[in-house]
């Protein structure tokens, strides 16, 4: 029997760590939190100094029993949950359940799950940091007080199943505020004039800049005509040449927030998926002969700090691969995390390259690991050097300007370019070699009419970035927050951008009127600052809770008395129930919209909303092929005559037969490419656009 018991959150983490520690250590998983506030009631005694009433989470009884059994037999119990506030709270709850001594140095933390890091952490165990535990407790209790007080009011006055929360309500507000900006936006006309110029055999473009040596706004066609009328022939002169060398520094290695943003832009990952895959990479990957190793550092961090060891290893790799000129000469300026002294998200070893790891990883794991690895290595590389040139092209009172740039030294851009840098302004644009006094010929002067555009709706990446910039919540809460506002049907995604629903706007208006603090950005930011102060030991958690709740409970009482009941009418489905003849209506469920009988609860008939794709079923030739959704919300295609006909296809039938085998053809999508393939043989053809 092992003398030492080590408790971690997950079986994957337990499996990895046990291999490093040897036979004297038994490592088991708590499967996440074991204690929490009860779901069936508030669980916070507001009359007794906000004392929380923790209970064992339903279903965790057998886990707790197993933990107690092993703890009783062990000489030492070590709590090795994650190195953040959440992990500290899990360790504290475990110590309470297992009745461990408060002063016992039994807490071990490591930022990466590698043999050296884990073994080193066990040489330096410490006591549980109660300030971190209290900060997490305060957040949990705050969220419970808000959710369990506002939600019942919304159920009673608006609709059952609704919720509000400190972070989700602000996120919803951002989406709605942006939608209102778009609705209220009034487009304004403006014009541009672009000229195509020739010098010897080279052609290049330039934009109109000045009239009579001053900026001249082209608001109307009349303004444009004034400029074109002033032109005299096609000859222009180069009146100024400005050459500069520009340095582009690489982006910092990833924090939780920037990882979520970049994975959304480059990999099309939702925030939740990014965190799930990152967790797998952190907890350990089986590298066969090398054993199980955590490939990245802890993925919940807001720090860009890098350890000296990691920097040295990256420098060695860059020198060997690209040469010493590609290594960074900059002094570190990494941002220390607001919450804890973590490192940035980086590979646990630069020498484990994505290509070397590919055979051990799933497709998603490989893509995310490659992103993290390249971003980190690039952050340790030399800046790129760009040569820029600006040409002023003049005729009389009219001046055009051409801007060009070439890459003199690629530096970090050899390996990685941040998505937001993939813009036209950062790409090469070569101009002919011209000097002041040279003559060029205008081959085309092209005016173009434009209208100002409203601000774009939020993508998931932009919403995450805005929440972080405003300091709303923690990066680790963004994924569940975005999930919640979608599951509650407060927002929907259209072309990968968030649009508020009618229900979302109704809920927002009620929260805005009766609980203004909850959606106030400044209030939410101040609350995060107070939570940080609790973690630093500068203020007690009970004082923070009391400062909030004393005024909040008055808002709840006012809402219960004054909020008017709102009737949300169901959308007619346009057909009658085949069971009782009542009109069918559109309802929103967990997996999207469906049809239900308006005579509910007397009639409980429901049916899926199906969309015909205009193709006859290739199996029965009687029904139509319709689009359906699986329980996991994945689109598939079936026959409208189901269950009489059981035709099903994940790919979209196109209504034509294969010229080789006469089976039906389907549209097959892989990434950004679409092609037509046979459902039976190897026939392929390009998809028609």
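The chain as shown is numbered from 1 upward.
Cβ from N, Cα, C; glycine included.
Annotation source Swiss-Prot lists active site, O-(5'-phospho-DNA)-tyrosine intermediate at 298, citing sequence analysis. Taking Cβ-Cβ distances under 8 Å and a sequence separation of 6 or more, the neighbours of residue 298 (active site, O-(5'-phospho-DNA)-tyrosine intermediate) in its chain are 82, 83, 84, 111, 112, 282, 342, 343, 345.
Annotated Mg(2+) binding site per Swiss-Prot: 9, 82, in sequence order. Of all Cβ atoms in the protein chains displayed, 23 besides its own lie within 10 Å of the Cβ of residue 82 (Mg(2+) binding site).
Per Swiss-Prot, the feature domain 'Toprim' maps to 3-113.
According to Swiss-Prot, the feature domain 'Topo IA-type catalytic' maps to 129-557, an assignment based on sequence analysis.
Across the region 'Interaction with DNA' (163-168), DSSP assigns 3 helix, 0 strand, 3 coil. What Swiss-Prot lists as region 'Interaction with DNA' is 163-168, and the listing cites sequence analysis.
Sequence annotations record features per position, and here Swiss-Prot assigns region 'Disordered' to 328-357.
Same-chain residues at least 6 positions away in sequence with a Cβ under 8 Å from that of residue 33 (site 'Interaction with DNA') are, in sequence order, 57, 89, 90, 93. In the three-state DSSP reading, residue 33 (site 'Interaction with DNA') counts as coil. According to Swiss-Prot, the site 'Interaction with DNA' annotation covers 33 (among others).
Swiss-Prot lists 139 (among others) with the feature site 'Interaction with DNA'. The number of other Cβ atoms within 10 Å of the Cβ belonging to residue 139 (site 'Interaction with DNA'), over all protein chains shown, comes to 24.
In this view, residue 140 (site 'Interaction with DNA') is surrounded by 19 other Cβ atoms within 10 Å of its Cβ, with every protein chain counted. Positions annotated as site 'Interaction with DNA' by Swiss-Prot: 140 (among others).
Per Swiss-Prot, site 'Interaction with DNA' is recorded for 143 (among others). Close to residue 143 (site 'Interaction with DNA') in the fold, though at least 6 residues off in sequence, lie 165, 166, each with a CB less than 8 Å from its CB. According to DSSP, residue 143 (site 'Interaction with DNA') sits within a helical segment.
Summarising the annotation, Swiss-Prot assigns site 'Interaction with DNA' to 148 (among others) and lists sequence analysis as the type of evidence. The Cβ of residue 148 (site 'Interaction with DNA') lies under 8 Å from the Cβ of 42, each of which sits 6+ residues away along the same chain.
The site 'Interaction with DNA' annotation in Swiss-Prot covers 155 (among others) and is backed by sequence analysis. Counting every protein chain shown, the Cβ of residue 155 (site 'Interaction with DNA') has 13 other Cβ atoms within 10 Å. For the recorded site, residue 155 (site 'Interaction with DNA'), the DSSP three-state label reads helix.
Long-range Cβ contacts of residue 300 (site 'Interaction with DNA') within its own chain (separation 6+, distance under 8 Å): 82, 84, 86, 256, 342, 475, 476. Positions annotated as site 'Interaction with DNA' by Swiss-Prot: 300 (among others).
Of all Cβ atoms in the protein chains displayed, 19 besides its own lie within 10 Å of the Cβ of residue 488 (site 'Interaction with DNA'). The site 'Interaction with DNA' annotation in Swiss-Prot covers 488 (among others) and is backed by sequence analysis.
The feature zinc finger is assigned by Swiss-Prot to 577-603 (among others).
Per-residue confidence over the zinc finger (617-645) averages 85 (mean pLDDT, predicted model). Swiss-Prot lists 617-645 (among others) with the feature zinc finger.
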Tertiary contacts of the zinc finger (658-681), as residues 6+ beyond its ends and Cβ separation under 8 Å: 618, 649, 651-652, 687-688
Rounded to a whole number of Å, the separation of the Cα atoms of residue 140 (site 'Interaction with DNA') and residue 155 (site 'Interaction with DNA') comes to 22
For residue 9 (Mg(2+) binding site), the same-chain residues 6+ apart in sequence with C-beta under 8 angstroms from its C-beta are 29, 30, 31, 32, 81, 82, 87, 90
Summary of DSSP states over the domain 'Toprim' (3-113), given as helix, strand and coil counts: 37 helix, 24 strand, 50 coil
Residue counts for the zinc finger (658-681) under DSSP, helix then strand then coil, are 0 helix, 13 strand, 11 coil
Give me the Cα-Cα distance between residue 488 (site 'Interaction with DNA') and residue 139 (site 'Interaction with DNA'), rounded to a whole Å. 22
